[in-house]
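*Asks:* Feature list, courtesy of TrEMBL:
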type	residues	note
BINDING	ARG72, GLY100, ASP121, MET170	S-adenosyl-L-methionine binding site
BINDING	GLU171, GLU174, HIS175	Mg(2+) binding site
Amino acid sequence: MPPRIPLPALRIPGTLHHARPLLSRPSHMPIPQHHLHSTLNQEEISHFDSLAQTWWDPHGESRMLHLMNPTRVRLILDHLAPSLVEGTEPLKGKRILDVGCGGGVLSESLARLGATVQGLDGSPMAIKVAKGHARRSPELMDGRLDYVNSTTEKLVLEKPTKQYSVITAMEILEHVDNPSLFLSHLTSLLAPNGYLFLSTISRTPLSYLLTIFAAEHLLRMVPVGTHSWKKYINPEELRGWFEAREEMDVVEVRGVIYVPWEGKWRTMHPGEKWAEGCNYFLVARKKGAAEPQVEVQA
């Protein structure tokens, strides 16, 4: 008989049903400069630095990221360019900040669709890889794609008036310290009428089973240590954070599930709560200035 391979023990955290929400209620006041503490977690940065060289390997440790990318792009296009015409640049004229861009998988996709994209990441190795990969495509070197090794708080501090029509923060919220402050940075960098696209993971028994026990330890689909269950944020917590801000509207929340027999991710319909138990998208929009009333001469 073949030798038995020991399986990792399923150790669900004891605080699973009693974990406190990570998001504090947002303040409606501007962010004071002395409160711009770093949301960067150095352990997380070191972890992703070590993975940087494999970022563009679609069969390597970033495989699930590559598989999810078409789903993320489709979600963005559904809101920004619903009448997509084949062969056009539907995002032309959009100024996008891709926060937590990593090696540039999403940033490049958005730039190829016509957007002017700035990729932002706290990992110097990831930014080095992103710049190196972009140089292989001359069409991306016309000024439409730029990468910066920095943080949202530094961007807010150094360029307080700079704003973007679109901000993406995909699979990053569960890796930062002080997520409430991080979200405040994002909303301050978002222009009126601008869209914010987020993806993250719910803090549920299902998410622990799928993203840590199965994906990290059992199937080795992602490196061990990539996720920390206690940093996951539930959809109702994230929605509540935005609903407490007068200038923000939640457009929709959608669960996204990986279908292994299809080898791809599938975005579910809004309102399907069962699908929000693990990975999910949240789309928010910043309210614009009131339209000026035009006085009509009699």
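Residue 1 is the first one shown; counting continues down the chain.
The backbone N, Cα and C atoms fix where each Cβ goes, and this holds for glycine too.
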*Asks:* If the Mg(2+) site is taken as the center of the Cβ atoms of GLU171, GLU174, HIS175, which further residues of that chain fall within 8 Å of it by their Cβ?
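*Replies:* Leaving out the recorded residues gives GLY100, ILE172, LEU173, VAL176, THR200, ILE201, HIS227, LYS231.
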*Asks:* If you compare CA-to-CA distances from GLU171 (Mg(2+) binding site) to each of the binding-site residues ARG72, GLY100, ASP121, which comes out shortest?
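*Replies:* Comparing Cα positions, the candidate nearest GLU171 (Mg(2+) binding site) turns out to be GLY100.
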*Asks:* Least buried of the binding-site residues ASP121, GLU174, going by other Cβ atoms within 10 Å?
*Replies:* GLU174
*Asks:* Sorted by position, what residues of the same chain at least six away from GLY100 (S-adenosyl-L-methionine binding site) have a C-beta under 8 A from it?
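*Replies:* In sequence order, LEU120, ASP121, ALA169, MET170, GLU171, ILE172, HIS175 meet the Cβ cut-off.
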*Asks:* Can you grab the distance from ARG72 (S-adenosyl-L-methionine binding site) over to GLU174 (Mg(2+) binding site)? Cα atoms, rounded to a whole Å.
*Replies:* 17
*Asks:* Would you count the other C-beta atoms found within 10 angstroms of the C-beta of MET170 (S-adenosyl-L-methionine binding site) for me?
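*Replies:* Around MET170 (S-adenosyl-L-methionine binding site), other Cβ atoms within 10 Å: 23.
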*Asks:* Using a 10 Å cut-off, grab the number of neighbouring Cβ atoms around the Cβ of GLU171 (Mg(2+) binding site), all chains included.
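*Replies:* Other Cβ atoms found within 10 Å: 20.
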